[in-house]
Amino acid sequence: MVDYHAANQAYQYGPSSGGNGTGGGGGMGDYMAQEDDWDRDLLLDPAWEKQQRKTFTAWCNSHLRKAGTQIENIDEDFRDGLKLMLLLEVISGERLPKPERGKMRVHKINNVNKALDFIASKGVKLVSIGAEEIVDGNAKMTLGMIWTIILRFAIQDISVEETSAKEGLLLWCQRKTAPYKNVNVQNFHISWKDGLAFNALIHRHRPELIEYDKLRKDDPVTNLNNAFEVAEKYLDIPKMLDAEDIVNTARPDEKAIMTYVSSFYHAFSGAQKAETAANRICKVLAVNQENEHLMEDYERLASDLLEWIRRTIPWLEDRVPQKTIQEMQQKLEDFRDYRRVHKPPKVQEKCQLEINFNTLQTKLRLSNRPAFMPSEGRMVSDINNGWQHLEQAEKGYEEWLLNEIRRLERLDHLAEKFRQKASIHEAWTDGKEAMLKHRDYETATLSDIKALIRKHEAFESDLAAHQDRVEQIAAIAQELNELDYYDSHNVNTRCQKICDQWDNLGSLTHSRREALEKTEKQLETIDQLHLEYAKRAAPFNNWMESAMEDLQDMFIVHTIEEIEGLISAHDQFKSTLPDADREREAILAIHKEAQRIAESNHIKLSGSNPYTSVTPQIINSKWEKVQQLVPKRDHALLEEQSKQQSNEHLRRQFASQANMVGPWIQTKMEEIGRISIEMNGTLEDQLSHLKQYERSIVDYKPNLDLLEQQHQLIQEALIFDNKHTNYTMEHLRVGWEQLLTTIARTINEVENQILTRDAKGISQEQMQEFRASFNHFDKDHGGALGPEEFKACLISLGYDVENDRQGDAEFNRIMSVVDPNHSGLVTFQAFIDFMSRETTDTDTADQVIASFKVLAGDKNFITAEELRRELPPDQAEYCIARMAPYQGPDAAPGALDYKSFSTALYGESDL
């Protein structure tokens, strides 16, 4: 330090080395020249000079007292340069050259020049201030020099929002006094005359020292003295101004006011740093709390969706068949209700869950936080796998329902057909066993025997005709067994009874023939006409019975072609009716001829044809029945034809709409894929275009709703196929859901890109360059790059990731950042996040640790009281609940470890 006491030795006079100081940059010199508005050719205003002397003297003494000295007369005590050099050493904290020992003028000039050279070395241009004027006690030059020192060492470093020192100090005063009434700081002279601004500055930082509400604007002297006394007593700021001088001066000296106000700024700068540190911590904690809330929402939504999938899949995998078609149709209705009501909200939840997950990951990357890893079993991939399992079970369940309904329809048809044929057969066999067991031939005449033989032959013919029916009954019963008919036991019992009875009839028929043939040799007369009648009547009667069966037979058709085939067969049957009618007339003519011969020959007949039980009345009755059934069959076929025509109309209507909607969905999917790759214009333009595109898609929803209505009509009509279109309702539903999901995901990607761009300060040109590079290597236009494609993209952008050991290590590090889940793919969003991190600064754990250290007063730990004093209540309690106790050797009671807490926020340790 300068030995300002060593001034006793004799000086030798020599040439002056005074003059302006040198050095300093142009920028700093220009700044000082702007601040220095001294008119060096004129004398100072006496009032201003008085204020400056008092203020500058007090300011110098506030620093010189640290060295154990002071000045009394500012233009006299600096003349030898010793205290001037000492002042510069105190305020700069640097050593100046050793002063010259001697009291001669040359020694004083040299000492002052050393001080001026030191000032110039700090980038200050000393305009018209020379050592000779200071040594000669020039008051104006001395005050100007001190003002230059004050500007450089007390005011220059004050900067608020990149303003100059004077403007920064003024802006600081304006901000701190803004909430106070009657205070309007616009300058450094008249704005301070009433003293309220000084009191407001003190009250803003130390409210316990000033009772501001009791101050009056019309009592400036009291206000000024109150502020000066409080500042000197409690803030260690010496009294640099005189209240009466300020009040009685029309325009107080600006430099004196600035000097005094700068002392307040430096006194309160510590509080400003604490406020900045607290704001930084609050910002970091707010981001962390928001991310935790998003993580909790994701876990809850994912858990609910997976639970719904877990409950739904067993229901869809239930394949227990029902006994009746009504029960299966109820199952089908329940399934349609699931498709219409229960599933669509879950599809929307799944899409929203993916969007929330991507947004959360983007926010974590932007805030330099580790990627979010959901709980085990709740990853997006787990949800997609569960959803895929659900879709597979759903598809299999619908196919099973339709197959079961077809099976039950087939079973109902076969069961009814079995009952009809069995009833007809049982009616035919009724009494046949008793007839075959009858021993009437033992007492019959020869003619009777011959009649019995003929009758038996007719019966055998009838029996042979019924063989087909029995085989059909057995075949139907077998098919019912194979299709697992629920009442197959009764069917089998009835079928077995019919077969056993049929075998017994065959055996009885054979035995009776042998008995009749044994006595046939005794019989010679036979009525040929009755025989001919019987032989022709029996087949004709069987034909009529078969015709009645066919006319009453149930039919199930599903297409126009099938019903037209039935109509054609029916028309062909009707074309045979004239021949059948002629056959009937011929048979009746035989009976009439027999009656005529008997009457003409006075032959007494027994009344019935001995060879057959088919009388003309039966033939006529059955013929009338056939004639009645034909128009009924016509009506039934025409009704079914109308139904199938209606079904065909439904098919064509659905196909027309589906063939329009299906290609539209495919076209939109392709256009979205192209838009997501090309991405022309700004991101905002792209987002607006995509949202307009999304609205056009949503506006198309009525076409899909119309298709759903048409599909409902088709299902109600039990139409199972449609040859007019390859699109199914399920296919179109899936396509629509994928379209909505794709456009929502694309919009979300652009929004995340905007978020990334704004957060990281990426220009539109950079974003377009990144997109162009990404698209160039995205050969398959899949929206993601494989490792080799990503490496090529990085190399094209100038990253040193060549195929050597060092390049491989760097590339593996980059891959762990852009692909934390190790999926083997790098999305464009991850690529943008990486590029933005490489080109912009982000907050770090070290910054947060430094901020906590400011709040803790440079201690290695912080207390709960300090956190509650500096942070908002909720964030203070958040820190206290999560900070571990400090274990260091300098730990105090209640000490908390803010370092481990800060690193945990950035994933560098565990909370």
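Cβ atoms are placed via backbone N, Cα and C, with glycine included.
According to Swiss-Prot, the feature region 'Actin-binding' maps to 1-269.
Among the features that Swiss-Prot reports, region 'Disordered' is placed at 12-31.
The region 'Interaction with VCL' feature in Swiss-Prot is assigned to 12-26 (among others). Note on the region 'Interaction with VCL' (12-26): mean pLDDT across this stretch is 33.
The region 'Interaction with VCL' annotation in Swiss-Prot covers 40-61 (among others), and the record cites similarity to another entry as its basis.
The residues of the domain 'Calponin-homology (CH) 1' (50-154), classed with DSSP into helix (H, G, I), strand (E, B) and coil, number 71 helix, 0 strand, 34 coil. Here Swiss-Prot flags 50-154 as domain 'Calponin-homology (CH) 1'.
Marked as region 'Interaction with VCL' by Swiss-Prot: 108-126 (among others).
Under 8 Å from some Cβ of the region 'Polyphosphoinositide (PIP2)-binding' (177-192) lie the Cβ atoms of residues 166, 170, 198, 200-201, 203-204, 212, 217, 246, 251-255, 257-258, 261, all in the same chain and six or more residues away from its ends. Here Swiss-Prot flags 177-192 as region 'Polyphosphoinositide (PIP2)-binding'.
DSSP assigns Thr249 (phosphothreonine) to coil, not to a helix or a strand. Taken from Swiss-Prot, the feature phosphothreonine applies to Thr249, supported by similarity to another entry.
Residues annotated as repeat 'Spectrin 2' in Swiss-Prot, with sequence analysis given as evidence: 413-518.
Positions annotated as repeat 'Spectrin 4' by Swiss-Prot: 649-752.
A helical conformation is recorded for Ser696 (phosphoserine) in the three-state DSSP classification. The annotation phosphoserine is assigned in Swiss-Prot to Ser696 (among others) on the grounds of similarity to another entry.
Taken from Swiss-Prot, the feature region 'Mediates interaction with MICALL2' covers 736-911, and the record attributes it to similarity to another entry.
Look at Swiss-Prot and you will find Asp778, Asp780, Glu789 tagged as Ca(2+) binding site.
Among the features that Swiss-Prot reports, domain 'EF-hand 2' is placed at 806-841, with the record citing sequence analysis.
The annotation phosphoserine is assigned in Swiss-Prot to Ser909 (among others).
The separation of Asp778 (Ca(2+) binding site) from Ser696 (phosphoserine), Cα to Cα, is 28 Å. Of all the binding-site residues listed here (Asp778, Asp780, Glu789), the one with the fewest other CB atoms within 10 A of its own CB is Asp780. Counting other Cβ atoms within 10 Å of each Cβ, the lowest count among the modified residues Thr249, Ser696 belongs to Ser696.
According to DSSP, the secondary structure content of the repeat 'Spectrin 2' (413-518) in residues is 93 helix, 0 strand, 13 coil. Distance from the CA of Thr249 (phosphothreonine) to the CA of Glu789 (Ca(2+) binding site) is 77 Å. Sorting each residue of the repeat 'Spectrin 4' (649-752) by its DSSP state yields 87 helix, 0 strand, 17 coil. Glu789 (Ca(2+) binding site) carries a helical DSSP state (H, G or I). Between the C-alpha atoms of Asp778 (Ca(2+) binding site) and Thr249 (phosphothreonine), the distance comes to 77 Å. Asp780 (Ca(2+) binding site) sits 81 Å from Thr249 (phosphothreonine), counting Cα to Cα.
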